[in-house]
Each structure stands twice: as C-alpha cells, then as structure tokens.
Amino acid sequence: MSTPSPIKHFLRDDDLTAAEQAEVLDLAAALKAAPYDSKPLAGPQTVAIIFDKPTLRTQASFVAGIAELGGHPMVVDGNLAQIGTRESIADVARVLGRQASLIVWRTHDQSRIEEMAAYAGVPVVNALTDQFHPCQTLADLLTIREHKGSTAGLTMTFLGDAACNMGHSYLLSGALAGMHVRVSGPDGFQPDPAILARAQEIAAGTGGSAQIVDDPKQAAEGADVLITDTWISMGKEAESADRAEVFRPWQLNADLLALGNDAIVMHCLPAYRGKEITADVLDGPSSVIWDEAENRRHAQKAIMQWLVTR
Ligand code: NVA
C-alpha cells in the first residue's frame, strides 16, 4: 500500500509561495522569449493529460508546451478511463505514475485531484477543478505583467460567478502577487469563505488585499484589470436560464469598463458575447484575451519545468 508522497504538486494557487510564484512567472517570461532553449522533459519523458470535462485551450497549450519542453503528451480521455468509478483514483494514480513523469488532470471536485496527488509518485498539476484553475491565473499574471509592467499594488476585479473556480483562483493568486483583489457577484455566488480568508491571510504578507465588493460599479471603479468568466461553468448548464437575469448587472460592458483605470480586460474563454461580456469590450482595444490564451502555454511550461527540476 503506497503512502502519500512528499512530492511537490500544483493543485491550487497557494501551493506556491509568493516568491515561488514570482520565480515561475520569471521562468514563463524567459521561456516565452526563447521557447526551445530549455528541454527538461527531454528523454523523452511522457506527461499524462487527463480530461474529465470539455477542453480546448488547456489541451492545445499543454500538448504544444510539452512538445516544446522535449516531452511526449499522453492525452487520456476521462470518459473512457472513468476514473473513480471503473477503478479507484488511487489505483489510476499508481498506474499513471509508473508511465508518466508528470500528471495533468482536469476534473470535478478538488478532493479527486488531491487523492491523485497523494498516490501518483510524480508531480500532479491541476488543469481545472470545480474549485480552482491555477494554470489560467498563472497565465493571467504573466499577461498583466506584460501589459501593466508589474502586478504588485494593482487592483484586479473579477465580476460574475465569484463562487466558481476562477473567482477562487484570482483571490489566491492575486493575493500572492501583492494585488488588491475584488470579487463581485450576485447573492449566492460569493466565494467560499475559507478561500477568501486564506487570500486575506496571504495578502497580509504581500501588501495586497482581498475582498468581496457587492456593487459591480464600485468593484470596477479604479480597477487596473477587469475580468469576467462565463456565468455558467461546466457542469452548471441546468442553471443557465435562471442565471441570465440575476447576473445582468455584472455584465462587463462599456459602462463598467469606463469606470476602470485604463483597465485591461481579461476572460479565460470560452466567452459568451452579450452575456457576461459585450462584444465591443471583448473584441475592443482594452482586451488582452488572445495574449492570455497564448500565455497558457508559457505559464504551464514554466510550472512543469519548475516541478520536474526542483
Ligand atoms: N469557470 C469556467 C472556467 C472555464 C475555463 C468553468 O469552470 O467552466
């Protein structure tokens, strides 16, 4: 019987300290500048990438990034593997850990990836769970650095479903980066209080802050970065009709953008124009969404390299 391993994983944003996050972001910038200079997965080594939920950017950016690092991506269809039903998560972890140098998993509850990490014997990376999406926020911090020069001291506002993975990951990652993070969503769509408290604890050490701001206009006022995400996360499709009207005041549109401080606009995609964001804002001059999408590859290369070489 395997015992939980001491190996370092990236399961949530605060698995990195503030200094480690800065180190990984520096590495991401260096890898972006010279994409083929560093091949820590050469050998070749295999990286298992498993999807229990839909994907486009995540699969594309991991496959491309693993290739650039000299490794081989082994994409596993979660619907075929049926992890946790056909066989236990622990058994899958032990099997994949014997085939791959690293495991990347997009799945449902965070407890599933924690169990995978406990038994894999190799580093595990969270490619989105119901609670966190830390690879996206690493890419976003890289994008903010590129467009605003730095992250510390800037105000980042997330509008919409603040109870979803993106809301949680912005709270933790922004606090680590010394940012002032505001999340704003309708009643019933507020972040997990434990995650908000953890972000506030981190922010106390980095000079940032983390808070819920109920009024979307107040949340957007003076923000350097304005972010939204779909109102209907994967798995919540049944609530689609109910949410549209409740979320309307949080739509990222020209009026909210005008309240920002020359704000850049971010969205992890997929985006629904006319719902959480208007087309003129998403496709307008303040939007940096395509840089964000590209930066997934650079940020993920950096976290993979950091995990396998440390
Ligand atoms: N909150 C969204 C993020 C998609 C990248 C979802 O979970 O579907």
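Each residue, glycine too, has its Cβ placed from N, Cα and C.
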**Binding-site annotation, TrEMBL, L-ornithine: partner of Asp229, Ser233, Met234 in Asn165, Asn261, Asn295** = Asn165
**Message:** Averaged over the domain 'Aspartate/ornithine carbamoyltransferase Asp/Orn-binding' (153-307), what pLDDT does the predicted model reach?
**Reply:** 97
**Fill in**
Rounded Cα distance in angstrom between Cys135 (carbamoyl phosphate binding site) and Met234 (L-ornithine binding site) is 17
**Asked** Want to know which binding-site residues, from Asn165, Asp229, Ser233, Met234, are within 10 Å of His133 (carbamoyl phosphate binding site) at Cα; which are they?
**Response** Asn165
**Asked** Where does Met234 (L-ornithine binding site) sit in DSSP terms: helix, strand, or coil?
**Response** coil
